[in-house]
Amino acid sequence: MDRNRASARLTVLLRHLGCRSAGTIIAHHTSGVGSLASFHPQQFQYTRENNVLSLEQRKFYEENGFLVIKNLVSDADIQRFRNEFERICRKEVKPLGLSVMRDVTITKSEYVPSEKVVSKVQDFQEDEELFRYCTLPEILKYVECFTGPNIMAMHTMLINKPPDSGKKTSRHPLHQDLHYFPFRPSNSIVCAWTAMEHIDRNNGCLVVLPGTHKGPLQPHDYPQWEGGVNIMFHGIQDYDKNNARVHLVMEKGDTVFFHPLLIHGSGRNKSQGFRKAISCHFADANCHYIDVEGTSQENIEKEVVDIVRKKYGFKDVTLKDVWTFRGRVVKGERINL
């Protein structure tokens, strides 16, 4: 896509969303159900017909690979998630399998139990309070539009993006989430990502490249950043820099659903506060595992397996084993994953 086409695409996209400034999407309400009677189901590759999404919403996701639903998660639920995260940071609870991550710039001498040294917790499937996010009816109602009725919660995170230290390590390189997942098909996987407070470019909002979900999985590796890179923050090594970029400005409770091939990332947190969001990747329980040997995903397989072996002392663990352990059925029945 050349620069002119990218610019035209972005203009149409922003006009559709009613944005006032180029390069920024302000999350807006997208309720309402449109008739699909005149639109043949075979024309939809990425969404399923269940009378939740309007025709306009389905077309938007099909074309762009993401959809923002405003004010989806309540303030009360978000406060509960925040409280539980703080308990984890203080080491008052230690859920099985949970990974607590710190920014690469924080030295061991700064490991004081508080949210100020924790940049992310992931794999909270054994934390009853945080995992409630993955079972919220308002979340699953939309997830089913992409996965169908048998839904697995596969990957969970609560992100606490810290104020940048000046080394720009709080940013997340552009990447595709499918790079981390050894299961397919990609069209039956979706991420739900909920803002836990106001999020904009100043505190490191998501940036997406609309339409890139239609392309293939790209090779990923660690970017060569002078200030260092956080563990597992792989990025795409070569992508079309002429692609339009859209920054998602979101309010507390707003939720974006996006395809695992959508290229996205986030900027550094230039504010003095911690930017929080909670997310889960869901998949159709009918998805199947693949062997990533000989593919661009070999590097992430080796890294994940090495971490699990060192953390738990397992000798013969595979990437499939890791994801089978993480996965939880949240609606319908468990089938393949």
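Using the three backbone atoms N, Cα and C, a Cβ is placed for every residue, glycine included.
Together with His175, Asp177, Swiss-Prot lists one candidate of His264, His288 for binding Fe cation, that being His264. With every protein chain in view, the residue among the binding-site residues Lys120, Trp193 whose Cβ has the most Cβ partners within 10 Å turns out to be Trp193. With Lys120, Met157, His175, Gln176, Asp177, Trp193, Ser266, Arg275 listed as the residues that bind 2-oxoglutarate, the site has a largest C-alpha separation of 21 Å. Comparing Ser266 (2-oxoglutarate binding site) with Lys59 (N6-succinyllysine), their Cα atoms are 25 Å apart once rounded. For Asp177 (2-oxoglutarate binding site), the nearest neighbour among the recorded positions Lys59, Lys252, His264, judged by Cα separation, is His264.
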